[in-house]
Amino acid sequence: MSRLSTQALTLAYEDRTVVADLDLAVPDGEVTVIVGPNACGKSTTLRALGRLLKPKSGSVLLDGASLATLPTKRIAQQIGLLPQTPVAPEAITVADLVSRGRQPHQHWWQQWSDEDERAVSEAMTRTDVADLAERSVDELSGGQRQRVWIAMALAQETELLLLDEPTTYLDISHQVEVLDLVRQLADTPFKGDKGDKGRTVVVVLHDLNQAARYADHLVAMKSGRVVAAGPPSEVVTADLVREVFGLDCVVVPDPVTGSPLVVPGAPWKAS
Amino acid sequence: MTTTSVPVRPAGYSVLRAGPARFLVHRRAVAVASVLVLLLAASCVAYLCVGEAFVPPGEVVKVLLGQSSPDELVVGELRLPRLVVGLLVGLAFGVAGALIQTVARNPLASPDVIGISQGASALTVAAMTFGITSYSVLPYLSVAGGLLAAALVYLFAWRGGLHATRFVLIGIGFAIALRSVTTLFMTKGDYLVAQQAQIWMTGSLNGRGWPETEVLAPVLLLLVPAIAWAARAQRTVSLDDDTATALGVRLGRVRLGLVALGVVLAAVATGAAGPVDFVALLAPQIARRMTRTAQIPLVSSALTGAVIVVLADLLARRLFSPTELPVGVLTAAVGAPYLIWLIIRSRTVGGTS
């Protein structure tokens, strides 16, 4: 089942077509990771899934309805999105920033409900930033700041969550922390869901090995097209890596998780 | 382990309940606004006391309360009308500056920097040189000029979306162009007209009174609901475009609404008193430094604007008495150094201001 999908989606900046004729279905309650070389259109695709970019042709469908026809506030109650480099207002406190994630659930006359309070404190506890609540976002480290932004996206409490390279600028332990959180979101039931389904998360990642480790559904893109899509164990092969990234490699099982692990070849030793 | 969470709410805010409605109120902003109200009241009384003849505060309060007093003529007829215009102009400029700085995300942006005041000047001076000198027509012309200039800036800055920096830069370009148009009209026009135009362009409250208030007051009153909306909308506009859109904000419309509101306020105020420079630039930044909120506080900004104009006009009247300075000279004397400081500071901090 897919609540979110694309249909013959073509995306362009001015006249330059970046993604052409893309058909993509995002499986519900799973972690979908989009990978591909630089400028393959993966971030562009994510932006379109979150209606930040209007399609040149084709459409993005949410529950069968085109995003272009839905009120943006209604979309915001279903889809949360964390852009690659979000900018916080100067001198804003952590709790203030996280609480702005509640925007789509609020009205002019209903600026703060108990529900808002619960969602914000849950999001902050989950991302381990509750202790920073009163601090100014400006004075946080890169890792802390990224967790605060994720907390804001979580406070939005959407069933679908889109993350654009959430691990950029983070050291390896913070990268693992963020990705573990992503796994948890998909593995624990989303509030009020009878079928015990977790959240649907779409992540754009640079690191192929991390993608293979955390994804349920892996989408490999090249030059604006999907080259392969499916479970990592089927998608990640030496042939695919050569085709998509132009890299010779050996694929071995990850010693910890058993997921495919890409070990690049050593061309400097070959000749 | 996600159930053991401590209740949090945006730091520094309290929730105000009114029936089913709930509002977030920034505690420090409320405190600052209260202090500003007191300061403004004190400034107003001082304004009414000081002049050619000193009137004791007790008599001033009597006149304000409508009781009979020997100083009724001086206070009620001569000083009060001018004070009210100054007060309203200050409030309007304070809000206008706050809204335009919010949308432009730039403390340098204000109606007198991005061409709105210059548009008002150009059309007004043009009208003056063509012989229209009636004060019942000129305010409307300057409002029209301000709106026209803003529309042009918006049109040229729009390219599939509104880019904040482009908006400011194009505004500055228009401001310079419109200023030369004004100069052209002044050199072409009659000597007396040029002098009259020159005084108007510095921003002066001399001779202003109830006729200006009759235009200003209803407009401000009508715009109060819009300003209440703007105070809330500011919260999301201060985030970056992508994040705000992802939160379900119709950014294009909200921005247009905020700019339009700011432009109308600035244009109406300019129509009443001429372009009183730097008030719209100063007030929001001073207010924000006092409240320490993440966005520019509208109420405090309005009150700060009013305090600045009232005090500046008080000084303008008395500093070189019997010669009266236009109030704009005083606000510029304070504002220009501040503007320079702002630019120097933004460079040393790496443009994060």
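Each Cβ is built from the backbone N, Cα and C atoms, and glycine gets one as well.
As written in TrEMBL, here are the features:
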| type | residues | note |
| --- | --- | --- |
| TRANSMEM | B:29-48 | transmembrane segment |
| TRANSMEM | B:83-101 | transmembrane segment |
| TRANSMEM | B:113-132 | transmembrane segment |
| TRANSMEM | B:138-158 | transmembrane segment |
| TRANSMEM | B:167-186 | transmembrane segment |
| TRANSMEM | B:254-274 | transmembrane segment |
| TRANSMEM | B:294-315 | transmembrane segment |
| TRANSMEM | B:327-344 | transmembrane segment |
Checklist entry - When each of B:113-132, B:138-158, B:254-274, B:294-315, B:327-344 is checked against the transmembrane segment (B:83-101) for Cβ pairs under 8 Å, which one has the most? => result B:294-315
Checklist entry - Is the number of Cβ-Cβ pairs under 8 Å between the transmembrane segment (B:113-132) and the transmembrane segment (B:294-315) three or more, considering only pairs separated by 6 or more positions? => result no
Next on the checklist: Could you check whether the transmembrane segment (B:254-274) and the transmembrane segment (B:138-158) come into contact, where contact means at least 3 Cβ pairs under 8 Å with the two residues of each pair 6 or more apart in sequence?
Outcome noted: yes
